[in-house]
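Swiss-Prot annotations:
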type	residues	note
BINDING	75, 76, 77, 78, 97	substrate binding site
BINDING	98	divalent metal cation binding site
């Protein structure tokens, strides 16, 4: 499904929160949306690896990496696995790598920046807890919509206006 965040903001101004404009679009999908699943981790993508291995149909994985610009929380292998398992997209408050391959993957991916160094795998992090960055709190079970204009969050699913 194609989402246009300005149209959603115009149609649902009382429902949406707009994430501060700090993310770049790296994925093969220009727009994506779905139910939020969250991970809170810092320079350790063990939980990201576990989650992309699950059924993600209709879901967006929001990864709060603490804004770290020192390690990549997502690379081509995890992005390809997420796409195979039906994830709509990922928003990474941190870095990703292998961006040329990710750009060809049928997956929405927004992140702060790129970094070539992978993370450690210590199994540290939290799954499905509220996370806050960009002026918005992302709660599991709420909805996220993203495109080249930005990222918005809603407590309920939104329909594109006709």
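Note that Cβ sites are derived from N, Cα and C of the backbone, with glycine treated the same way.
Fewest Cβ neighbours within 10 Å among the binding-site residues 77, 78: that distinction goes to 77. It is 5 Å from the Cα atom of residue 75 (substrate binding site) to that of residue 98 (divalent metal cation binding site).
Taken over all pairs of the listed substrate-binding residues (75, 76, 77, 78, 97), the Cα spread reaches a maximum of 11 Å, rounded to the nearest whole number. In the three-state DSSP classification, residue 97 (substrate binding site) falls within coil. Put plainly, the binding-site residues 76, 98 were compared by Cβ crowding within 10 Å, and the winner is 98.
Cβ proximity to the substrate site centre (mean Cβ of 75, 76, 77, 78, 97, cutoff 8 Å) flags the following additional same-chain residues: 72, 74, 79, 80, 96, 98, 101, 102.
Rounded to a whole number, the distance between the Cα atoms of residue 77 (substrate binding site) and residue 98 (divalent metal cation binding site) is 9 Å.
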